[in-house]
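In Swiss-Prot this protein carries:
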type     : residues : note
COMPBIAS : 1-13     : compositional bias 'Polar residues'
REGION   : 1-63     : region 'Disordered'
COMPBIAS : 20-31    : compositional bias 'Basic and acidic residues'
CARBOHYD : 64       : N-linked glycosylation site
TRANSMEM : 72-92    : transmembrane segment
CARBOHYD : 103      : N-linked glycosylation site
TRANSMEM : 111-131  : transmembrane segment
TRANSMEM : 147-167  : transmembrane segment
TRANSMEM : 169-189  : transmembrane segment
TRANSMEM : 200-220  : transmembrane segment
TRANSMEM : 228-248  : transmembrane segment
CARBOHYD : 252      : N-linked glycosylation site
TRANSMEM : 302-322  : transmembrane segment
TRANSMEM : 353-373  : transmembrane segment
TRANSMEM : 380-400  : transmembrane segment
TRANSMEM : 403-423  : transmembrane segment
TRANSMEM : 446-466  : transmembrane segment
């Protein structure tokens, strides 16, 4: 005969945990409500078959993990994101060698060997992010690691360009896993006030990876050939996959409670036990609802749409400017740069936009400086300063933008919000650089970069609008997830 399991009946919500709420759920001296006739009535009792957290201090809840354990998870996810973006441009210096080997004569096809990988960043999250919110983050990390390594091997041993391109885009889809669900992992581990530094570390990968990738890739392809680029990426991904498998744990609240309910059903024999957050839906219904969630956020939430467009344009600018460096800096042997970002705690999501408000407008300034000084052959240090300003401004648009989306939608929908962001951002990174040749051949570096500067200038009011009206917009344009 089964016994009633001992479990939490308190009905604690995750927002109570985040706020540090404490309730004495065992006190029977609480005042009962009165009926309309003035008699005492009993409050509804918690369902004994619903499995919940064991109070706000439950050690199984990711918010209550040790600081070291939280930082370990953020570090692994951030390194995985950096490695994924490193692969985006690390192969670029070897693309010409691949073209010679496979007899590629089309410049567009050569460019696709790089851009299709970044396009995978937009396609993968449409499925991976929703699945992570249904089945957990950890299984998606493991799946993406395995698929990425398999198709990176395929890239390294490709025998024709068609095979290479297919393997490349699938590898990009798999590499998007950490980028699309990493924000959800951070939201699972930290309350909003503690989330800034972790999100800054996580968000720097998409900016730093494309910068250092060509430096490493140029050295590798020149000395040992383009295929070794993928072998090195395979070694790196193998190390990260091993560390992920050995050290990471599940952080999705719903999945943790579901596993707890499953364990208790086996221990007690009570098949009626269910996790508190379980929905009365079939697996197919939950999957369909989760898959359309990023698209709904993108269509119905102006916050997600405009922040994604703004960060996407600046993300694409980084790739586009790379195409002009060989001609502008052909006499310069070494380029050095540094970036760093810091985000402070914020009591409301819109306060994350302070740095974007004030530093976002310097990006078009950098484009104007870079374009016209390069056009007029000013000393090379001046265009370098212009590109540094572009990079610095982009840093403080992309990172605060991602933190804002995670804070605005919380642990429940952070992965879907990031997926929507990647859906817009990644095509800019994949295809904006393809416009470089017609843009600069017709307009020159001066007016070509000025056009880009005016486009980014048009988006500078976005953080100012959301800083003032963001909370009202979030309330008015609530998306049924």
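Using the three backbone atoms N, Cα and C, a Cβ is placed for every residue, glycine included.
Within its own chain, the transmembrane segment (353-373) is flanked in space by residues 310, 314, 317, 321, 343, 382-383, 385-394, 396-397, 400-401, 404, 445-450, 452-454, 456-457, 459-460, 463-464, 466-467, 470, which lie at least six positions past its ends and keep a Cβ under 8 Å from the stretch. In the three-state DSSP reading, residue 252 (N-linked glycosylation site) counts as coil. Following the DSSP three-state reduction, the secondary structure of residue 64 (N-linked glycosylation site) is helix.
The transmembrane segment (228-248) makes no contact with the transmembrane segment (111-131), as judged by fewer than three Cβ pairs under 8 Å among residues 6 or more apart in sequence.
Simply put, out of 72-92, 111-131, 147-167, 380-400, 446-466, 72-92 has the most Cβ pairs sitting under 8 Å from the transmembrane segment (200-220). Two recorded stretches are said to be in contact when at least 3 C-beta pairs lie under 8 angstroms, sequence spacing 6 or more; the transmembrane segment (302-322) and the transmembrane segment (147-167) fall short of this definition. All protein chains considered, the CB of residue 64 (N-linked glycosylation site) has 14 other CB atoms within 10 Å. Proximity of the transmembrane segment (169-189) to the transmembrane segment (72-92) is established through 3 or more Cβ-Cβ distances under 8 Å for residue pairs spaced 6 or more apart.
Counted over residue pairs separated by six or more positions, the transmembrane segment (111-131) shares fewer than 3 Cβ pairs under 8 angstroms with the transmembrane segment (446-466), which leaves the two as not touching.
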